[in-house]
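Residues annotated as domain 'HAMP' in Swiss-Prot, with sequence analysis given as evidence: 277-329. Annotation source Swiss-Prot lists domain 'Guanylate cyclase' at 361-485. Positions annotated as region 'Disordered' by Swiss-Prot: 1-26. If you look up Swiss-Prot, you'll see 57-77, 90-110, 142-162, 173-193, 221-241, 257-277 marked as transmembrane segment.
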Amino acid sequence: MPSEKATTRHLPGAVETLSPRTGRRPETPAYGSWLLGRVSESPRMRRVRIQGMLTVAILVTNVIGLIVGAMLLTVAFPKPSVILDAPHWVSFGIVPGYCVLAFILGTYWLTRQTARALRWAIEERTPSHDEARSAFLVPLRVALAVLFLWGAAAALWTIIYGLANRLFIPRFLFSMGVIGVVAATSCYLLTEFALRPMAAQALEVGATPRSLVRGIVGRTMLVWLLCSGVPNVGVALTAIFDDTFWELSNDQFMITVLILWAPLLIFGFILMWILAWLTATPVRVVREALNRVEQGDLSGDLVVFDGTELGELQRGFNRMVEGLRERERVRDLFGRHVGREVAAAAERERPKLGGEERHVAVVFVDIVGSTQLVTSRPAAEVVMLLNRFFTVIVDEVNHHRGLVNKFQGDASLAVFGAPNRLSHPEDAALATARAIADRLASEMPECQAGIGVAAGQVVAGNVGAHERFEYTVIGEPVNEAARLCELAKSYPSRLLASSQTLRGASENECARWSLGETVTLRGHDQPIRLASPVQQLQMPAQSADIVGGALGDHQTHTIYRGAHPTD
């Protein structure tokens, strides 16, 4: 049998799944059983499936009831005999005829009533509130119809057989009555199970479930009454009738009690199994959904198919997951606005104004000729170009564990070493700058950009007011990187770093850079030595106007490769 079929683990708590011993439990279907199909199943296939299940379940239940009734009437209570002491036209005419007629009319009537109550499902539309409430009454109507047919049989057969022998009266009333109640209850629970997909659709419109009993407690007490109360009443009535009418021998009385007890024990087990299964499957569905949430999967909601407190549990899970999804959307949006690292730091501890000194490396990137770019292209095209440009920057900065701290028009500022500490922020910044330069040259030749890299001590923290602040870094390396970026626009490599930055880098990274001119940047008092990727440093003639200081006779300098710089 497929791995989704369940059997009792312990009563009344939960139900164990029967499956091959593979070491793991199979995933529970959305409706709690593979018999009910998938949520994505076509409405027509679902109708055929449900109609077939209902027909088979009701017919089998009542056929078993007839077999048990025949055993009670012929073996448990042999005298008077329904075959020898009753008219043959009754035992071989009226009784079989009624059974066939009851099966035909009962099947027709139940099918018609069920189809009428579920017309909205047949028409493949959303039910109205009244239609949804009516759908919840289908199991009760099925149970009442089955109980009516058994009651009619008990009344008819009691009268007919009673006319032949009055001792038949208590026997038929007792046997047909007990079997009818148990069969009707079994049909109620089986119908409730089969209509889970329809109940799920009805619950979606907010209809209040209507049923024979309310809640888990009511359902449990009903099954207890049938599993425990009816057998005890049956044994008691057998003793009373034996003393009053039948005068059975001790052996016959024992056989009668055993025959009465055995079928009710089997029916009781089946009813309790159904009850435990109906109770356990929603819990199991929620449990497995919680496991998926624990693993980070927030993609799916549960199908609410139970009208008891278990349905409220399923709704509560869906509300919880929706809240988690909303939180993840806010977290993702927050991370996109301020950076993943800043967002993670804000979650770890309460944000506050102020900052702390950090040793960081800074990369500043700015497009060359941005004014001409904006005036020569449509605005939409400029936006698309900027998005491609910033995508390259963000990809490389994230790859090297940095933080894109700001987008300023067509420029961006990336920080390495804050808020997350890095053992070698200079290596990360220099590698990022080289990667950005290479990708821009190959992927976006129409968009050239200057890149400046600097490193040193900064203050990193939240700046602003208590109502509105942002995470940023303030210090000399930021200004230096911006000046180097402007200067780099006039160099073939479009990329410059300070010798101070190379001092903090590893030998492997330094081997990729060459030292060049010593210049004084605009707004700075002390000269710095420039560094550029190997074999790409070349000082342009107009650089004196850019750096804001005369280079005098020092237009050409020795280039040191593969070693740490010294001023």
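Heads up, the Cβ atoms here are built off N, Cα and C, so glycines get one too.
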| message | Looking only at the domain 'Guanylate cyclase' (361-485), how are its residues distributed among DSSP helix, strand and coil? | response | 57 helix, 41 strand, 27 coil
| message | Averaged over the domain 'HAMP' (277-329), what pLDDT does the predicted model reach? | response | 81
| message | Cβ pairs under 8 Å only, please: of the recorded stretches 57-77, 142-162, 173-193, which one is richest in them relative to the transmembrane segment (90-110)? | response | 142-162
| query | Reported in the order helix, strand, coil, what are the DSSP residue counts of the domain 'HAMP' (277-329)? | reply | 39 helix, 0 strand, 14 coil
